[in-house]
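The following features are taken from TrEMBL:
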type: ACT_SITE; residues: CYS161; note: active site, nucleophile
type: BINDING; residues: THR17, GLU50, LYS164, ARG231; note: NAD(+) binding site
type: BINDING; residues: PHE47, LEU48, ALA49, GLU50, LYS105, PHE150, LEU151, ASN152, ALA153, SER154, GLY158, LYS224; note: substrate binding site
type: DOMAIN; residues: 217-341; note: domain 'UDP-glucose/GDP-mannose dehydrogenase C-terminal'
Amino acid sequence: MIADVSKSSKIVVEKSTVPVKTAEAIEKILTHNSRGIKYQILSNPEFLAEGTAIQDLFKPERVLIGGRETPDGQKAIQALKDVYAQWVPEDRIISTNLWSAELSKLAANAFLAQRISSVNAMSALCEATGADVSQVSHAVGMDTRIGPKFLNASVGFGGSCFQKDILNLVYICECNGLPQVANYWKQVIKINDYQKNRFVNRLVSSMFNTVSGKKIAILGFAFKKDTGDTRETPAIDVCKGLLGDKACLSIYDPQVTEDQIQRDLSMNKFNWDHPIHLQPISPSSVKQVSVVWDAYEATMDAHGVCILTEWDEFKTLDYQRIFDNMQKPAFVFDGRNIVNVDKLREIGFIVYSMGKPLDPWLKDMPAVA
């Protein structure tokens, strides 16, 4: 389409996270349809994070521009640099070749996901040995070479990018005859899946090895706080695992609609990535799922509570009120390590918090791997 309507030379900038070599494909298509017009393709990957997108746009840590290492390519890079220079300090604008820019984005997401899987792997070991993953990650994060960010143990990472970008990286490695490198990155996803399964197994084994017919409250469905995005959220796999054992779920998330939750739970994995017209129009509602608009309603008469998103409001809930209205024994499974475990145990809850020393109740009931 660009080739059809262009009347003068153009700079085409790819912003999206794309498979490496996409710029080359765009370049070939435009060159073959050029009718004498010159095109320069730049790769300028997006580093915005959901929940902080505006801040990330105005004060980016870095702006990456990849282009051809030819005089025309360098001119195109300079033209885009001049746009960013209006509000971004010069030293934060990095120019690279095309492939480096495309690969840097995949690598950045892979490294972030790897940190989460690393701390999640440690959380399993902490539970087995009686260590506290929060203390371990704090001690590790004090090392300036490592730093404290992305070291919170949880039920797993989600979002539309991490898994997709790692699988993209794995595919590129396999295509380039690097199976060992591909297998290394696959492990990041395997640990993430293991963590979600471990959470479900721990929950089921704690509740006398069955959740059939029991009401479980799910607090949080989005993949992280301050967004309504549910793509690849760990909540989907956790809920499906519980539904597989015939649990009745009552779900509350301050931002996610009932329609979205039903759609996510009735869709096959990765279908969210299909164009909307190829997705089921009205999601077949899952019978054992009710979506409510209040944490207290979700937990009323429940046997257990699962915290799957770290929404701030879940830290300040009246847990005494929740306990009083639940079936006993009352369980809390904190997949985000946001509750005060000691306080909840004082109230009377049996608490499972990822990577924290186990409740005496749980020690007798090993999590089935």
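We number each residue from 1, going along the chain as drawn.
Cβ coordinates come from backbone N, Cα and C, glycine included.
Confidence for the domain 'UDP-glucose/GDP-mannose dehydrogenase C-terminal' (217-341), expressed as mean pLDDT, is 90. Separation of the C-alpha atoms of THR17 (NAD(+) binding site) and LYS105 (substrate binding site): 7 Å, rounded to the nearest whole number. For ARG231 (NAD(+) binding site), the Cβ neighbour count at a 10 Å cut-off comes to 19, with all displayed protein chains included. Site extent for NAD(+): the farthest pair of Cα atoms among THR17, GLU50, LYS164, ARG231 sits 16 Å apart. Neighbour counts of Cβ atoms within 10 Å were compared across the recorded positions LEU151, ALA153, CYS161; the minimum falls on LEU151. Of all the binding-site residues listed here (LYS105, LYS164), the one with the fewest other CB atoms within 10 A of its own CB is LYS164. It is GLY158 that, of the binding-site residues THR17, GLU50, GLY158, has its Cβ surrounded by the most other Cβ atoms within 10 Å. Under DSSP, residues within the domain 'UDP-glucose/GDP-mannose dehydrogenase C-terminal' (217-341) fall into helix, strand and coil as 42 helix, 19 strand, 64 coil.
Local packing around the Cβ, expressed as the count of other Cβ atoms within 10 angstroms, is greatest for PHE47 among the binding-site residues PHE47, ALA49. Per the record's binding annotation for substrate, residues PHE47, LEU48, ALA49, GLU50, LYS105, PHE150, LEU151, ASN152, ALA153, SER154, GLY158, LYS224 show a top Cα-Cα distance of 24 Å.
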